[in-house]
């Protein structure tokens, strides 16, 4: 019979003929057949099933084998022996590998033919051993699914007792290797079906053998908590969670959170992967377990883990907020609306807690602008309910952890513990293009000066492979002595101290060089550079560009940031004039007591809106007079976004406006020999290349004895002009007539109407006595430091910056007009075009937030305070532009050639960067190995006040909170 069947299936007869003959062969199975004939038929049908050339042959094999096994079961049981099954599972069949799915299909169909025979029980021990061996070999999902089908239909083949526990653990481990490379929908559906079959098998085993459940869950946790970077477990593990009894949540979570053997890094990794499981279509109850685990960790005060998970996953959460809000709005369901309101409140709490990320929050704020916003009191209540306090003393480098170099190509700075004040200043100095180029062109080989440290830091910011560089050495060398390590400080105070240190250092070295004996006469700049490497450190010139200095002996800080301010005091009784010039490196711009008085005669259209009194301006409308939160204290957070009524030019106008000295501030006139009313006028007589403006936002409330922050929105123009008085007469100086450097300018007011005549007399007299002419010097915005915080007692600094040189923007012509500006309002485009400024790309601006660096644009800078009321501009740097007919500051000189681009990297700097880049690669390898060994991860700090900085950013040192800088500081505090 077997010979006939074999010849038939391989013949060329029509299929109808073949099927008719096959039917006759199957009917013959009912008759008596010898043992030899049965065995021959079983071997033939097995070969047809496993190695048939086409579907017809495989179908014939199945039909004939099933017919003869039904009537001759004992003979089939002897054919399907242990030896035969073992050979199939270990060696395969013919050319078929033992892992071929066809082998398991044949095994399954054959067992079904013996379902009621004792032979199945005889095969069970063998199959229990073999399925365990197969699972330990980590088969593909298709193979596992077929095994799961066999074991589901034949539970007696499932391993028992200890072998059963081991089988479940290995099956869970195999689950972790279930990868799905499929891209087509049908393939994806098939993959999900395979995963479901295996998970259902485990569910059945857990119900039948409860002792296997806990070891299986322990294996799941061991897999998802692995910190081995070379292994990422499959998300298919999420399908197992739905089969874990919910009543076990309490016991399991308590066991996990109190187990001392579970490392923080492992728990963090496990929780992160469970959060990733939420995207799996079969992830039922995963959210329940995630929430339970979060609550369990909070209950045992393992806040460090919660903080780490938040920092790791926030970048995945934030981009989903806008789509979620849109989905809930379009849902139309009542519960969706309720959830949306609650969700919006949580989003506002997040933005309040983690301030200083306008690039991330702008689109979010736009999506929820129509929803009610909680007031500050309610936000603080929410946050205090859920405040986490880290048990670690280490500090987070920022809200978001950077794992790779920013797409901007820029390098961030690691926060070393409330050092955002330093990081923001370093970044804006680095973005001062011409200053950076001069610093990088200095030859300071072997020097240990602060300028050398700054040069090295700039080199690393430009060329390191690290996403964020740690400026620890520069911090130790540049921190003012009165700054407490680890405490928040005032960034403007730090900037003034840094520039003064660099200035004094260069002056000292230059003086030492002049007094030292020189074997040769003065050399040219090229010779100086060529001989720099052979000079002793003390004899080395700090800057190699005497041509740029024009022989006036000015330091690099003076040439880049130094200006001169003339202070003239005219007695209103005898009209005698006393004038004195002082250098400055920044102008400190106070807010006038009444904003309506800050506008010049050309700004009357801006002052039509109602303006609060002085106290309201000082408090910013959000702080209560008693320093505590009262009813309605949060209304400041709910004010609509409006265009700023003040602008930087307004504050400059106010700074330079005449001041009447009277009452307790009367001026002692030598000519009158008595105290007299006088008028004080300040004028800029030398404009710096980089104009640093500090907005005095931190004030002291003498009534409440607390420090407050002025939260007024100030318009920041991309272009502005600074009125400069050109020298036409000699400047007289009288030490007895000079104003006090610490004079209180909050009492300075515009001349009243009754003084108009006197003021006009002063103007006429001055015009007769002076041949000086006013010139408008154009400036373009280079960078801005933003302070984020609701008061001066807490906050965080971040900065905006772009590369601007003295030829960027436009070239202006001399003008005697007063200060002009193009505001950043929506109607300013035409003004900018009139000034010759080409539109900048959206990637021209960068946002520096400690380790995080992102692209941004001027629109974000313009709207930052309007959108986020506690984020206010604090320190601004403007770059002077070329004026036709006026000399400009040239670029650095290297080897006798003037550079217009970045100077070449010096060998010493290049060696240091190369060494650190190699070290960085080694660190990456060591970190990978450490994660593989489940080393404890470094913890981050968290503070309930919502920033990484918790000390007053206002006046922390002897110079006050935002006073004018320079070599002779002109302090202008607001009281």
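Glycine too: its Cβ is placed from the backbone N, Cα and C atoms.
According to TrEMBL, the feature region 'Disordered' maps to residues 811-836, out of the candidate ranges 681-706, 785-810, 811-836.
TrEMBL lists region 'Disordered' at one of the ranges 565-601, 602-638, 639-675, namely 602-638. Checking the ranges 729-773, 864-908 against TrEMBL, the region 'Disordered' annotation falls on 729-773. In the predicted model, residues of the domain 'USP' (411-881) average a pLDDT of 71.
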